[in-house]
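Here is what TrEMBL says about this protein:
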BINDING   Asp16, Glu18, Asp212  Mg(2+) binding site
BINDING   Ser153, Ser154, Lys187  substrate binding site
Amino acid sequence: MASVSIPACTRALLLDIEGTTTPITFVKDILFPYITEHLEDYLSTHWEEDECKQDVHLLKKQSEEDMRQNRACPVHAVDQTVHTDEEKAIREVVETVLWQMASDRKSTALKQLQGHMWRAAYSSGRIKGEIYPDVVPSIRAWRERGLKVYIYSSGSVEAQKLLFGHSVEGDVLELFDGHFDTTIGAKVDAKSYERIAERIGCRPEEVTFLTDVSREAKAAEEAGLSVLVVVRPGNMELTEEESAHYSLLTSFSQLQPGGRA
């Protein structure tokens, strides 16, 4: 594909991770399987620690909210206080987490626990964050032109920092001016992008969002952001209408500053 110009009014770039900076296969084939394979052992080891107790508490609150909203939920609600059998309580947490993952839930409670588990894996060197080869040099070039670069992902801010802090390219956290996750709102909600623009001190039209997901692109567009859709191997295919509507990128190297001195 030919080069694509960053809109001249852009002051900040907002980047998705999965399918944009990082292969979807990394998340689906490495990060998620790590959780399913090590979840029960992790909970058993850390059950009495404050951080783990907080994670379980958030999962319990999420289950209660799901029931209040009549949403689908696992058979066992998480309740650390009622059970005297620790193993039973742990199994119920495992069931809840695996159910949420199988349902592709993006809850903050789930993402927080996953982030804590991945922290241990990254720190031990078991996992290194994958980044497309075009990402780091392109971001460096954008920053040299005075653009700020932020991350917005459904993964927790901690998980984002782990990926980029323990990546195959080394620690590249200095490339980013800030991180946002679902605590600021869902990625398919236009209000989330309005909040992010306000938080970073920009008008919505001064922010350009890069994502591979058309529903996220639509929400960002509704908020007034410029949008570029990233087409990488393994990403969900766009409809003909979506392909015609959005500017498309197959590599960050195509994206060139436009009209900036």
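Just so you know, glycine gets a Cβ as well, placed from its N, Cα and C.
Take the mean position of the Cβ atoms of Ser153, Ser154, Lys187, the recorded substrate site; other residues of that chain with a Cβ within 8 Å of it are Asp16, Ile17, Glu18, Lys106, Tyr152, Gly155, Asp181, Thr182, Glu216. Cβ neighbours within 10 Å of Lys187 (substrate binding site), excluding its own Cβ and spanning all shown chains: 23.
Those residues of the chain, other than Asp16, Glu18, Asp212, with a C-beta within 8 angstroms of the mean position of the Mg(2+) site C-beta atoms are Ile17, Gly19, Thr20, Thr21, Thr22, Ile24, Ser153, Thr211, Val213, Glu216, Val230, Asn235. Around Ser153 (substrate binding site), taking its Cβ as the centre, 25 other Cβ atoms fall within 10 Å, counting all chains.
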